[in-house]
């Protein structure tokens with residue numbers, strides 16, 4: 001008979017009900033755990049066990065991992081509703097409450113450190129997009145913030161940029177803000193974005209908050225508060241934010257005839273995709289005299305019945321293009337769900353997103369700030385680099401991820417390198433003049449101001465004329481490889497694949513492939529790393545390789561990276577020769593995926 005040992009298992013007063021396999025000792029513990037504890041004091045239970053396995057710790061670890069896996073870079077994202085094949089609901093009200101409470105505590109601690117004294121009446125606002133899970137999750141956010149001791153303010157339907165601006169614009173100027181959104185993802189998803197007066201939180205900061213929330217979540221019997229001692233105060237901040245945008249347009253256009261209606265005579269189509277962007281039509285453009293007849297999907301609808309609210313979505317751009325041409329409009333605008341991204345269509349019906357949108361914004365910014373540096377992610381084309389440098393600008397390619405790109409611009413400015421524009425190919429763009437905030441509405445404001453100025457100067461051409469000499473790569477593709485693994489192991493498996501890719505290139509096993517140097521940065525340690533001493537934290541591993549043929553002629557590049565939001569690996573390729581992308585894909589599959597054995601952990605059907 002096996003010797004028995006005694007395990008001391010500490011349980012918090014707000015511990016959880018554990019689930020164990022059957023055995024007399026475990027059954028006794030299971031019964032003991034059915035009691036509800038009303039105090040927060042620790043309880044110690046003595047249990048006889050025939051092994052050294054601490055079963056409750058395993059269960060608690062699993063519970064904590066549920067929260068930690070919700071972190072997606074600098075955001076929190078998860079499945080909030082059933083209906084998504086192969087995905088279970090993980091962004092629950094209890095999880096959201098724990099995260100919100102931890103954020104509230106984090107803010108209070110940060111303010112105390114900053115001011116050198118205890119703080120009271122810390123204020124936090126919450127806005128949300130129209131997703132149907134927003135109502136129940138909002139209650140959880142307010143409950144969590146109240147637990148932390150924060151005063152809460154309900155912005156209602158809002159945009160991500162507006163939430164940040166609520167920390168700055170008087171008389172609001174809250175200490176912090178949360179936006180509840182999952183951007184362009186399906187209606188079943190939702191998430192949280194966090195802001196202080198300094199801007200969005202970084203990935204390490206969100207990781208710290210989620211880690212604290214994981215402990216709270218795993219140690220609670222009562223998972224969510226159903227009553228709020230002090231309900232949040234409802235405020236109409238979007239009205240103030242819209243006025244802020246109107247004032248910028250009026251002041252910078254400075255129309256000589258109709259100052260208050262500088263958009264009189266312009267027809268502008270807005271496609272809000274049934275997200276939060278409809279306000280821009282009613283409260284900005286209409287108020288400034290624009291004709292917005294023909295605009296699409298302005299009413300918020302959390303089921304997004306018409307198309308994905310996304311400026312990269314082909315349906316969204318095609319519908320907007322058709323509306324612009326049908327109405328002979330001067331401009332079309334496409335917003336994503338929470339309006340931190342945008343794309344446009346010029347008066348000839350040409351879609352402007354991706355590299356084209358970066359080129360357009362570069363042309364506008366370089367007029368105002370000659371010689372400035374422009375930061376983009378490393379998926380942009382060689383043709384874009386040429387476009388920027390031909391206009392006297394400097395192009396810094398950096399790691400993929402909008403927060404990475406924006407933070408790089410912040411760091412360059414701190415190092416004395418004038419950097420006014422930071423943009424990612426997804427449409428996220430930030431300007432130094434606008435608090436380094438990725439604001440799709442503000443980007444459009446800049447484009448509209450330039451469009452009006454051009455007409456005042458006597459030009460009949462639309463904004464598309466600013467990028468008429470931008471060449472496009474001959475071939476460009478994006479492929480995805482799903483990682484075949486349990487979710488909690490997917491990130492590690494993805495890192496293994498990407499590091500193996502690096503090793504294969506460095507060892508010369510992919511002939512003609514070379515790790516690429518991008519602007520002021522170089523490739524090492526799984527990403528494009530800063531050239532200064534203060535390197536940024538790695539949120540996802542990635543490499544870019546330039547590819548040459550047997551004659552040592554460069555035919556294109558390959559960029560491989562972990563997805564921050566999903567368990568897959570993204571591959572971007574561009575080539576300047578016909579068939580170049582197919583050639584590089586074949587080498588990638590045959591000489592790397594199959595030869596290294598890494599393909600066994602991946603679904604690479606798109607590569608095939």
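Each Cβ is built from the backbone N, Cα and C atoms, and glycine gets one as well.
TrEMBL does not curate its annotations; it predicts them automatically.
Just so it is clear, the model here is predicted, and its values are computed rather than measured.
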Where TrEMBL places region 'Disordered' among the ranges 1-22, 23-44: 1-22
DSSP residue counts for the domain 'Alpha-D-phosphohexomutase alpha/beta/alpha' (242-349), split into helix, strand and coil: 35 helix, 17 strand, 56 coil
Taken over the domain 'Alpha-D-phosphohexomutase alpha/beta/alpha' (353-452), the model's mean pLDDT: 93
